[in-house]
Amino acid sequence: METLESELTCPICLELFEDPLLLPCAHSLCFNCAHRILVSHCATNEPVESINAFQCPTCRHVITLSQRGLDGLKRNVTLQNIIDRFQKASVSGPNSPSETRRERAFDANTMSSAEKVLCQFCDQDPAQDAVKTCVTCEVSYCDECLKATHPNKKPFTGHRLIEPIPDSHIRGLMCLEHEDEKVNMYCVTDDQLICALCKLVGRHRDHQVAALSERYDKLKQNLESNLTNLIKRNTELETLLAKLIQTCQHVEVNASRQEAKLTEECDLLIEIIQERRQIIGTKIKEGKVMRLRKLAQQIANCKQCIERSASLISQAEHSLKENDHARFLQTAKNITERVSMATASSQVLIPEINLNDTFDTFALDFSREKKLLECLDYLTAPNPPTIREELCTASYDTITVHWTSDDEFSVVSYELQYTIFTGQANVVSLCNSADSWMIVPNIKQNHYTVHGLQSGTKYIFMVKAINQAGSRSSEPGKLKTNSQPFKLDPKSAHRKLKVSHDNLTVERDESSSKKSHTPERFTSQGSYGVAGNVFIDSGRHYWEVVISGSTWYAIGLAYKSAPKHEWIGKNSASWALCRCNNNWVVRHNSKEIPIEPAPHPRRVGILLDYDNGSIAFYDALNSIHLYTFDVALAQPVCPTFTVWNKCLTIITGLPIPDHLDCTEQLP
């Protein structure tokens, strides 16, 4: 029914056709709409009859009128009959297909309108409240006026009655350019409401237009989407607001707690200062009393000595005035002895007197404490430590990490974190993932030795400085363990080979003494081999072989199950780099591949990556790659060497050279 209704709708007024005219182009148009088109083409004071042509609003075909004007066009009786039957068959209601778009808009407005509507037909003053609004008449009626104006007979039975709504809602929005025309379409180009005449003869003639319902649906959907986003954003803001309020509360509580703590700590400092003041004051008083007591005793002794000396001085002076020799000699000896004794006794008192002990050396110096008090402030997290890679040391299974801190005074402890480094790309993810790190907590020194590490492996280390206020971490530092150290196993050496006392050098020795047979010993004629004393089953390892003038030798690796009576590389259990005079080959399972090193290596480096299945040979002095075996190792492997002339010396336990380390470097 909706599709049929759209076919019965006038393209100008967007209502069901009323008195439709059949145009020569086979389209239809309401008589009144056609008349409005002619009026819009008229100049001022020009009669409508002077217009003899107009364009079909549907196909733009030019319709030429006869002298009769619009009356000369045929009425589309068939279409009018279809419309009449359509209206009769339609069921009245808010979802009825007979409803016009205007009526649906009226219903929508009715639902939202709470204004008091008065009867527009009443002669009474004031008018009665309206009980119905006739959409067809565009008038609101009270019950009495409704019965008088809308008897239950045609054509009034076809009028649409709805709940009362204001007059402005009935009439709808009017066109700004054509005041008597209602807006019934939307100009997409200018983004504004227009009427049919605006599209036919106005400035919107060539603009893109759309039906109100289409634009309504689009804008409503857009508004709903924006509203949903706004509601979502408001919800997020409300959540944020709640967090901010909660944070403010926490700030208030924590600030109050810190203020109380500050008062408590300052009171404690004041208490300590007052206590120390009392203790030091007591010491001063005791020192003063002791010194004054001692000085008072010395003063009394001096006065007593002076009094005794004064009497003796008087007698001596009187004796000196005696001119009679006999009388003088009679008393002089006694007086002289007494003067000598008095002089000696006064001399004894002098060492006991210390005139410099006046408390001026009792100094009070609180400058250090004043500086500390002046520096009182919030405790902050310590500065990040710095890993000193140049001081760090490593073995094949340990690394000793050294670091420094310019803020050691505020550091309570350190925490060492480390993990295997697989490339620069994983540094950020590793730093953000606590599960990836091994952690050593509560370190008090500026160094720590980590044990049980994989040999020949690169690690990332970070050091965290910690105190009560928080912690800060150092920049990542890259350190690596050395390769697994090993020596030559004399029990495996061929009878015609001699192993040095330090088990690091092997040489051909025809005069070598007979050796007892062991399961590990190489036995074949010409297979003058010796094995290392270690079997490797994981990790990355690097060692070097010094070629001491030998021109016939083989260097490689072998499983424990490799036959001892065959040359290394002649079976599936061993891999070797061989030199036979000036011929160089790599050999595995009796398959030989020639290589041409230039210059001839004087030191060969071997890099074993057990986990990734590779055995690589290098010219160690010139950093030149010679060859790499790619193999899935299924058993532990042992370094193996064959010498036909001169000697070979091994250097083991080395770190993997940086130019051979394929992992990406830290910045």
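The backbone N, Cα and C atoms fix where each Cβ goes, and this holds for glycine too.
For 205-264, the entry in Swiss-Prot reads coiled coil, with the evidence type sequence analysis.
Mean predicted confidence for the domain 'COS' (320-379): the pLDDT average there is 76. Feature annotation from Swiss-Prot assigns domain 'COS' to 320-379; the stated evidence is sequence analysis.
Per Swiss-Prot, domain 'Fibronectin type-III' is recorded for 381-484. The residues of the domain 'Fibronectin type-III' (381-484), classed with DSSP into helix (H, G, I), strand (E, B) and coil, number 17 helix, 46 strand, 41 coil.
Proximity of distant same-chain residues to the compositional bias 'Polar residues' (471-485), defined by a Cβ-Cβ separation under 8 Å and at least 6 residues beyond the stretch ends, is recorded for 381-387, 389, 392, 394-399, 401, 403, 415, 417, 421, 427, 431, 453-465, 534, 536, 539-543, 652-656, 661, 665-666. Annotation comment: Swiss-Prot describes 471-485 as compositional bias 'Polar residues'.
Residues or ranges marked as compositional bias 'Basic and acidic residues' in Swiss-Prot: 499-520. Across the compositional bias 'Basic and acidic residues' (499-520), DSSP classifies residues as 0 helix, 5 strand, 17 coil.
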